[in-house]
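Worksheet: one structure, shown below.
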Amino acid sequence: MKIGVFIPIGNNGWLISSNAPQYMPSFELNKAIVQQAEHYQFDFALSMIKLRGFGGKTEFWDHNLESFTLMAGLAAVTSRIKIYATAATLTLPPAIVARMASTIDSISNGRFGLNVVTGWQKPEYEQMGLWPGDEYFSRRYDYLSEYVEVLQDFWGTGQSDFNGEFFQMDDCRVSPQPQTPIKLICAAQSDAGMAFSAKYADYNFCFGKGVNTPTAFAPTAARLQKAAEQAGREVSSYVLFMIIADETDELARAKWESYKAGADTEALAWLTEQSGKDTQSGADTNVRQMADPTSAVNINMGTLVGSYANVAKMMDDIATVPGTEGILLTFDDFLSGIENFGQHIQPLMNSRADIVDTLPPAAREVA
């Protein structure tokens, strides 16, 4: 089972709460996080892109770094962990993204991959005059399909004459090409998004569901497998979970209850408002799940709350879901969370036993 870290490119990570750790994003923080993750043999690090936050008293996600430049820096200070940046495809022409990807591929010596997003939060793009109109909600995966086909031209031959509805290339060239194939990922849950991932992506990210219900996302993984079979490809799921762990279940639960009690209601109201803007894509989109009031304080990603031993067991349960190749992790406190994961959770996981055996001595004292 592969393990990755969803690094906090925006302020306060993924907890919309005044009772959660409050911090600004910085290169130094993310460098420490990714180097620590590499030390504990995490397989990859991913950063999102966010161009406008939710506001509220915590100013949630009002302060964000940029994904490609951050990951280029992190590629230069790591040696093994895979590095994924996110392209907000409405803001960056595919020829520029192809060249930036080739550059980070060079910096990382072949460790770079790309996450592509269509854009769901209208104010992010409207503020720059880049929103193409609300009809885009129903056409966004048509747009993204052309975008990726252009990328594939550049990474395959270094040249494109693509002529589509959204993109037209005229002997456009990108060189040098990547030294290794660029892995492409998407985070899709709608039917249109699943069809896109099945046709174009190497991996598809999905949300975990609920609190301490590690296999509840299984129907989503099954939908991807069905779509991939129809497309004649193999595409695996990577699932997003937040870990809130401590020495005992009671201590971990107390932290979770405190975070919920401090929920930033103004920021959450903004999220709910934005989730209703897309009336075209149906009820199964990521943003619909993010805004569900059940656990909106951490945008409704799956949450594992408990002792180190119980979290390890739930992580192993995730690994049993067919079609699941990896887990993307966030933490309430990233530095202490990764340390506790490496020292107290990973050594107890059957699904990471092969990794524990390869850790440096200082990282497997409890194994």
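Positions of Cβ are set from backbone N, Cα and C atoms, glycine also.
Just one of Ser190, Ser236, Ser237, Ser258 is listed by Swiss-Prot for the same FMN site as Ile49, Lys50, Asn115, Glu124, Arg140, Tyr141, and that one is Ser190. Glu124 (FMN binding site): 20 other CB atoms within 10 A of its CB, across all protein chains.
Its Cβ taken as reference, Ile49 (FMN binding site) is surrounded by 23 other Cβ atoms within 10 Å in the chains shown. Spread of the FMN binding residues is 21 Å (greatest Cα-Cα distance among Ile49, Lys50, Asn115, Glu124, Arg140, Tyr141, Ser190). In the three-state DSSP scheme, Asn115 (FMN binding site) falls into the strand class. In the three-state DSSP assignment, the secondary structure recorded for Lys50 (FMN binding site) is coil.
Using a 10 Å Cβ-Cβ cutoff, Lys50 (FMN binding site) registers 23 neighbours.
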